[in-house]
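Engineer: Have a look at this one before I ask anything.
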Amino acid sequence: MLIFLFMVLLVPTVECDNSPAGEEQQNLRVLGPIPSLFSLNKCEYLKNISDIETLNRHQFEILEQCLYYYLAAEAQRKTQHFNVIHALAIFPPETTDLKGSRVRIFFQQITLQHFVMNEFLRELNINGYITVFWDDNRLSWSEEQWKLKKLEINSVSHVWVPMLTAQTFDTALRNGDLMEIRRVSINSNGTIRAIINFSLRTFCDDSDFKNFPNDMYKCCYQIEPHINQGGIEFVASGRPVFTDAKYFRDNGWYISGSTPTVQIMPDSQFPQLGFCLNLKRSTKSLYIELSLPNTIISILFLLTPLLGQIHLQIFAKMFVLFLQFSTLQLFSTLISPHLGSSASTPTILRFLEFATIINMFSISISITLWMCCKIRRNLPPWNWLIRTSELINRCICVFNSTDNCISLNENDKSSTTSNYQEDWTNAFIAIHGVAVCALSFIFILGYLMLS
């Protein structure tokens with residue numbers, strides 16, 4: 001019974017193997033697997049295309065990869081006796097006719113995108129990029145063979161690139177400087193173009209602090225090779241530092257850049273690229289805040305002689321002196337934080353000092369002459385003094401007013417003593433007028449010299 005059931009189950013299986021589908025599977029086993037498209041030589045196929053514009057995006061990328069690995073293989077073959085991996089990225093390029101020659105790094109343009117100025121620390125932090133070129137004959141190819149004029153490098157580790165650092169080799173990391181190479185592209189003649197993004201920081205020189213708040217900061221930077229210093233040569237294009245119109249904001253500063261220059265460090269004979277930035281405040285708010293009090297005080301001081309009587313002038317000058325000390329406190333708040341790293345004194349502060357001293361001299365002279373007017377005298381002044389005082393008081397009308405330095409009774413006006421006292425009073429008023437005019441002239445002259 002079991003043998004019968006086994007024979008019944010075996011018959012359909014045999015019939016299935018004899019079916020057309022079974023025959024087709026047997027034929028496929030005999031013929032073997034179909035060749036895959038990935039087993040074809042894609043590089044040879046893409047090189048034979050006459051017009052690369054007919055390629056789609058991924059085919060074009062494959063063609064670029066084929067070209068790069070072809071160049072890398074050629075460079076590896078030429079340096080196989082060194083037993084190194086990836087010689088194209090490890091060894092710097094050399095001139096064909098001259099072994100051991102230096103790599104010429106051409107700095108085409110420095111572009112500034114953003115900056116932050118710390119006035120209290122005299123510190124300037126800048127961000128931007130540098131466009132550089134150099135030649136590598138190992139990365140040259142025939143345009144007729146590869147149909148490519150330009151090759152984009154997706155990673156800087158695939159080719160040799162110059163490693164640059166800012167300031168000096170010892171202080172670059174401590175200053176927080178950063179430089180990164182991006183957008184590397186190669187022309188068919190072996191010229192490499194790269195963009196170096198940078199974030200640099202330096203301390204500025206404020207030797208022009210005497211013109212505060214219109215002073216100018218001078219901030220200088222230096223760039224030098226970080227690795228293989230002796231095998232690199234710098235070349236500058238002679239262009240000044242540019243600003244990126246899309247991202248750059250002045251932040252209330254006028255900024256101008258110098259022309260980058262290349263110099264050789266005397267101690268190490270290594271190349272160094274240097275450039276400077278000059279910053280000056282473009283906003284006038286701080287200048288108005290500092291200059292307006294000085295202007296008002298100066299006008300009030302020059303107008304005090306118009307009050308005529310000496311004691312009124314004294315009160316006015318005392319008020320001006322109070323304003324000067326208040327302005328000094330204002331300047332102490334606004335200027336003192338900037339005085340820590342500067343040896344010079346701002347002109348606007350020196351003028352306030354000069355004006356305060358002149359005002360103190362004027363107050364002292366006015367008080368002295370006013371007290372002299374109050375002293376009773378029984379003898380007349382000299383005749384030349386009487387005539388000179390009358391001439392001065394007559395020519396200068398603002399001083400032609402009798403100062404009531406003493407109380408004279410109307411009944412005693414005809415007395416001889418009263419006449420003598422009036423002559424002395426007119427003489428002291430004239431002397432006071434001449435002294436005030438002289439101090440006003442000195443004040444104006446000092447303003448012109450300090451401004």
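Glycine residues also receive a Cβ, built from the backbone N, Cα and C atoms like all the rest.
Heads up, TrEMBL stuff is auto-annotated, nobody curated it.
Heads up, here are the entries from TrEMBL:
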- 102-227: domain 'Neurotransmitter-gated ion-channel ligand-binding' (DOMAIN)
- 1-16: signal peptide (SIGNAL)
- 286-307: transmembrane segment (TRANSMEM)
- 319-339: transmembrane segment (TRANSMEM)
- 351-373: transmembrane segment (TRANSMEM)
- 427-450: transmembrane segment (TRANSMEM)
Engineer: Looking only at the recorded stretches 286-307, 319-339, 427-450, which one has the largest tally of CB-CB distances under 8 Å to the transmembrane segment (351-373)?
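Structural biologist: Between the stretches 286-307, 319-339, 427-450, 427-450 has the largest tally.
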Engineer: Please give the sequence-distant neighbours of the transmembrane segment (319-339): residues at least 6 beyond its ends with Cβ less than 8 Å from one of its Cβ atoms.
Structural biologist: 119-120, 209, 212, 286, 289-290, 293-294, 296-297, 300-301, 304, 346, 348-349, 352, 355-356, 359-360, 363
Engineer: Please give the sequence-distant neighbours of the transmembrane segment (286-307): residues at least 6 beyond its ends with Cβ less than 8 Å from one of its Cβ atoms.
Structural biologist: 213-214, 313, 316-317, 319-320, 323-324, 326-327, 330-331, 334-335, 348, 351-352, 355, 358-359, 362, 398-399, 433, 436-437, 440, 443-444, 447
Engineer: Using DSSP, tally how many residues of the domain 'Neurotransmitter-gated ion-channel ligand-binding' (102-227) sit in helix, strand and coil.
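Structural biologist: Residue counts for the domain 'Neurotransmitter-gated ion-channel ligand-binding' (102-227) by secondary structure: 13 helix, 70 strand, 43 coil.
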